[in-house]
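Database features (TrEMBL):
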- E269: active site, proton donor (ACT_SITE)
- D399: active site (ACT_SITE)
- C464-C493: disulfide bond (DISULFID)
- E507: active site, proton donor (ACT_SITE)
- E528: active site (ACT_SITE)
- T614: Ca(2+) binding site (BINDING)
Amino acid sequence: MFRGTVRTDIVPMSQPARAGSASALRPSAPWAMTPLRLGPSVANEGNLSFLSSIPHCKVMTSRTKPTEGLLVASSHAQSSASRHGYRVLDVMERDTEQTGRRWIIDGLHEGADVAFKINSIPHQPRPDAPHALKRAGLALSLFLLWKAWLAWKASGKGLLAQDQPPSLFSLQAPRLHQSQLSKERSAKVVDSFKFAYSQYATHAWGRDQINPLNLTGKDTRNGWGATIVDALSTLYVMNMTDEFDHSVEFACTIDFNTSRIPESVSVFETTIRYLGGILSAYELSESRYPCLLQKAKELGNKLAFAWSNPAPFPSPSLDFTQNSKHGYEICIAEAGSLTIEFDRLSYFTGNDTYRQLANNSSMGIMTSPHVFPGLHGEPVRLDGSEPSSSNIGWGAGIDSFLEYAPKYWQLIGTNASTYLEYWVQSVNSSVQHLLHESKDGRLYLYEHSGFNGSQIERMSHLSCFAPGNWMLGARLLGDDKTFSLGLRLAETCAYSYEAMATGIGPETFFDNNGKLEPIDKRFLLRPEVLESMWYAWRLTGDPIWQERGWAAFQAFEKYCRAPGGYTELENVDSKIPTVVDNTESFLFAELFKYFYLIFTPPEVLSLNDYVLNTEAHPFKIRRQS
């Protein structure tokens, strides 16, 4: 399944500073300089005074934007940090419900509200360095003790009295909570999921999916029980313990050496559904099922065979029985949406080969010729030759590659900085070439033809993941303009549901002189609109997104519910829509999960702690220092 900035104020050190930017304030040697964005609670007079008092450190802030600033630190401060056991030093603010506002020092973790950062630009120390080092070390130690004491006092507990380690990010809106109404709604979503999964278990257990009208099973994903594996993370998150354990038992018996149907194995689909589902379940269950990791290794080894081409891209499909490859080109989403799953496989197995394969593929895309910076025509050729450009956008064929760029950086840290920089280019180019504003002020994310250079007036349900992705990436970067654009796009995607007779959105739509009109009127049980509603709720705290999510769930219940689960719809703009006897496994992995998460307590899969792959399988953020 395919799911695929406004310019930020962050100026890369390797680029010349534009006039008026923070980098234009560069002081003369011996000072090294790091661009800085200060969180509102960090940029106060007391904190800035304290930071400025550390020897060989200066803090400069903008008069017009007091929450943006610049730390200037000499290499003496860096040396002091090294002597106290820190190669690079960040002080970051963390918000946790258990301990109140905390400060911790850690290795380099970008993306949080940074109070100051000691840069490591080589410089010869001055004669008074030893005294400076002692003063800097003492100041830092006192600062840490003071902040730790404040956290302990605020919490009323010891510093180790926590259920989990503090979050690396503070992305979610403050004061989020689960109301009684939301609690009741989340319970109703769980009831619907239980109904659908029990029908599958009764009539199609072990098959890839169920036909919800005639109550039979069918195999569309090589006969390995795609619905079971795709449902694992949702079962766990919904606390369906018995069903989860039973499903894990099945997953541990899958034989990935051969396909049960004579179709080839999609590298992309198998990665996001099977590999992602199994690894996520392994991590969520805290490694209680070693057989899951063993199955993930078996599958990863089979998939790794796809990488043996002149170009760094995998073949799109494989024959697992014959160990043969198929295809001479692959779309960007298929080649570039493997990083999260293969990185996690490397993390849990200690074998870095998996990560390298997926990373090389994504880097190959990012360094290939583009139509606009960060936006490529697809597919890409396995022999390395340049393909003819096709449509460009955030929809089918490209979508999840762009989706993974900020998520991968959030997941692993500075080793994925190139991905985040690429994503910024992609959003900037999209703002310039793909955005369309209607007469009624709605924002559409259109496509662009690589053949004739014209804009294609079409937005898809698939591309409605982009609003949430833009909001997430913008929040990571502190980019309010891109966040606002993402929120406006989410409004349009939500309206695509409200504008249809069923209250469910179409596969594709466009702006017809100020009126949202459907093009392809089908509903394929896709999750992207609800996905962006969830991001909008968690990142803004505006309850309107819960109301929109509930309206969508009620429409889904009314029009899609069938004897054996839930069906697709042929025409969402008819109050008597024709139903289609098909249920993709991503209904259980994604759509139900997003319906549920809109109404759960905010700590359930908190955006501060988890990254979801394109199939909505969650992975714990474990950033590298």
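Placed from the backbone N, Cα and C atoms, the Cβ positions cover glycine too.
Sequence features, as recorded in TrEMBL, placed on the structure.
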| residue | record | DSSP (3 states) |
| --- | --- | --- |
| E269 | active site, proton donor | helix |
| D399 | active site | helix |
| C464 | disulfide bond | helix |
| C493 | disulfide bond | helix |
| E507 | active site, proton donor | coil |
| E528 | active site | helix |
| T614 | Ca(2+) binding site | coil |
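C493 (disulfide bond) has E528 nearby among the active-site residues D399, E507, E528, counting only those with a Cα within 10 angstroms of its own Cα. Of all the active-site residues listed here (E269, D399, E528), E528 has the Cα closest to the Cα of E507 (active site, proton donor). In this structure the C-alpha atoms belonging to E269 (active site, proton donor) and E528 (active site) are separated by 17 Å. Counting only same-chain residues at least 6 apart in sequence, those with a Cβ under 8 Å from the Cβ of C464 (disulfide bond) are L489, A490, C493, S496, G505, E528, V529, E531, S532. The most densely surrounded of the active-site residues E269, E507, E528 is E528 (count of other Cβ atoms within 10 A of its Cβ). When the Cα atoms are compared, the residue listed as 'Ca(2+) binding site' and D399 (active site) turn out to be 9 Å apart.
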